[in-house]
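Before any comments, here is the structure.
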Ligand code: EPU
């Protein structure tokens, strides 16, 4: 009814995968995207900060949110066949992993390396989710968003979205756009991406000599399940730090001192370094202060062992940043959205 529900002083513990027990002054659960302008026009909503929430899997609530949390709960998938390509419009509130599995089940290729990533479809373009050698940007034709500045629906094509490594226009102009749907173009087949460390070995272990997209997806499921802590078991938001990109001279100096440091040369001559390696080499993997810590399975993952507050998790993240900076002269940046930090 009405397309949305409003709740005052709402608990958010079950709405963020770090399981931070924060509250929102107002929670708006939106089920009908066409009602968004009406909702945003409420005086209580108009006058306060807005936080758009999908599954809360890329979010650190460092404190309570003194504004409106807009939970995107819209659903729907529409397919148009265009030769061998499917053009698929997906509502922002759909779960990403459900969509990936559905697309593979329909016989479309492209998203196999991106299976099992938590979060919603609407969140995928914002940080340009990527894993195992594929980024979602490659398959996005356009993003439909409500432009809060122009007060109209915007259709942003791929170029306008300015995608980069864990980056997009939506991060450059925070607060301006609210993603309501994403349009994908998926082929029936593509050259599979098997080069990322571990994939070929996993396929060999599975006894697959000529892989199809669903085999690659299965290999990625095995790799992720082995490496990354499951948010259903221990609170986490996936990689908490981005892999830092540094200048060639700094990368060379670091490689001279630490030949084992994984580094990937970028097109612009700079180098992307493994943040997980830096954190582990700084002795922080598996470390904790109270219930806030770094996973003992993967050094990029900040974990909540039980009842850490958002402030405690944020303080621990800053301890990691400071320790790595002191040891290696590299400043790590958080990857998730951090709100309410003091
Ligand atoms: N490594 C360590 N210690 C660890 C884990 C990794 O030293 O505890 C080193 C290893 O040498 C390994 C290298 O780091 O070879 C890379 O590790 P991994 O393959 O796990 O990739 P990553 O660079 O740490 C990125 C993404 C992940 C994504 C994987 C696989 C970022 C910030 N993270 O991690 O994305 O799943 O590649 O493609 O780019 C996420 O964004 O939430 C996420 C999980």
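Backbone N, Cα and C atoms are what each Cβ position is placed from, and that goes for glycine too.
TrEMBL lists 19-189 with the feature domain 'FAD-binding PCMH-type'.
The active site annotation in TrEMBL covers 166 (among others). Reduced to three states, the DSSP call for residue 166 (active site) is coil.
According to TrEMBL, the active site, proton donor annotation covers 239. Counting only residues at least six positions away in the same chain, the Cβ atoms of 275, 300, 301, 335 sit under 8 Å from the Cβ of residue 239 (active site, proton donor).
Feature annotation from TrEMBL assigns active site to 335 (among others).
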TODO: Return the residues near residue 166 (active site), defined as same-chain residues 6+ apart in sequence whose C-beta is under 8 angstroms from its C-beta, sorted by sequence, else 'none'.
DONE: 127, 128, 130, 242, 335
Task: Cβ neighbour count within 10 Å of residue 335 (active site) - done: 20
Open item on the list: Averaging the per-residue pLDDT over the domain 'FAD-binding PCMH-type' (19-189), what integer do you get?
Closed with: 97
